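Copied from TrEMBL, the annotated features are:
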ACT_SITE  GLU139  active site
ACT_SITE  CYS174  active site
DOMAIN    25-362  domain 'Aldehyde dehydrogenase'
Amino acid sequence: MFALKGLKNWMKPDKVPSAITTFPSTAQIVPEPLGVVLVISAWNYPFLLSIEPVIGAIAAGNAVVLKPSEIAPATSSLFAKLLPEYVDSSCIKVVEGGVTETGALLGQRWDKIFYTGNGNVARVVLAAAAKHLTPVALELGGKCPVIVDSNVDLHVAAKRIAVGKWGCNNGQACIAPDYIITTKAFVTELVDSLKRVLERFYGEDPLQSADLSRIVSISHFKRLTKLIEDKEVATKIQLGGQTDQEQLKIAPTVLVDVPLDTELMTGEIFGPMLPIITVDKIEESIAHINAGAKPLAAYLFTKDKKLQQDFVSNVSAGGMLVNDVALHLTNPHLPFGGVGDSGTGSYHGKFSFDCFTHRKAVLIRGFGGEANARYPPYTAEKQRILRGLIKGSFFALILALLGFPREKR
């Protein structure tokens, strides 16, 4: 509905000023479709992460092939069944399958590829796109940090962190908090508050809670349990850590000061573990974030306006949010996308339209306004007039329009 409401304005050419060097003329930027595009979506939000880029691609006038994730087979089959019933199947297709089918799709020539997922597969997509010089949008992830200052409403902060981490697919979300940074003096209060909030949200036995998402597959379950079975990690667990392989459930798990060289701390967790790093002064947290790869999202909880300004000015991330988690993606007027290792390109709202659009420069002139100085043979006088035009000289424009230097016929 947002796209339908805005599409008329999005499609309008943007009129821009003309330059003195092209006087008289009109100039505009005209949006046009890229052509035929491929959308490869992810499993963690399999409906939203498929339909939203497809809406942008269709709105921009492209033909689209959607490849839903095979790890969410029910949603994939839903798209394969329903989309042909409601849209033009001659220009909007759904291709189901796994690695083989995705590889076959990537071997084709596209006008753009939009991929949501992890960095390893993104490198495969980028390499395939490079063969045809195909532009890409890569919506990836990374280790999204949360700085928690002591100058906060702690109960509200703990609730928002908890729902942003464990309420978002039990941590299986690209914008879910990956780790917290707080001070050594404040960490105990923060952990105690998280304990109280988590018990209120998910009960004394979170593995039995209907509000706690399952881990998507047995392979991901084993990957995550391996992270906390590491001896250097297991001793740092402050709460949680329970697992149930039959239900594919892992309890919310909070850890403090896990060694930074462990696998839990070097790679994106994408699960229910939330390690806390402690520093002496909260200002040190910005340098810690900047020492790593640029995250998809960065979060700060504080009432300190100076710390907030330092955070916004000095931390590079795809997006950021102060005093909450994840909600920035719900604003269709904000772009959603990464930077550096967390991705390239952005979408949501009009940005989805722009993502699949080429902005074409159009300059229109009549047959008047001839400037003899433009044409050979070039003389010193012509060069003076041309230099004046380039510098924006009104006097040079008058001379040019008056036909100086006079053309010999």
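Backbone N, Cα and C define each Cβ position, glycine as well.
A separation of roughly 9 Å, to the nearest angstrom, links the Cα atoms of GLU139 (active site) and CYS174 (active site). Cβ packing within 10 Å was compared across the active-site residues GLU139, CYS174, and the lowest neighbour count falls to GLU139. Taken together, the residues of the domain 'Aldehyde dehydrogenase' (25-362) have an average pLDDT of 97.
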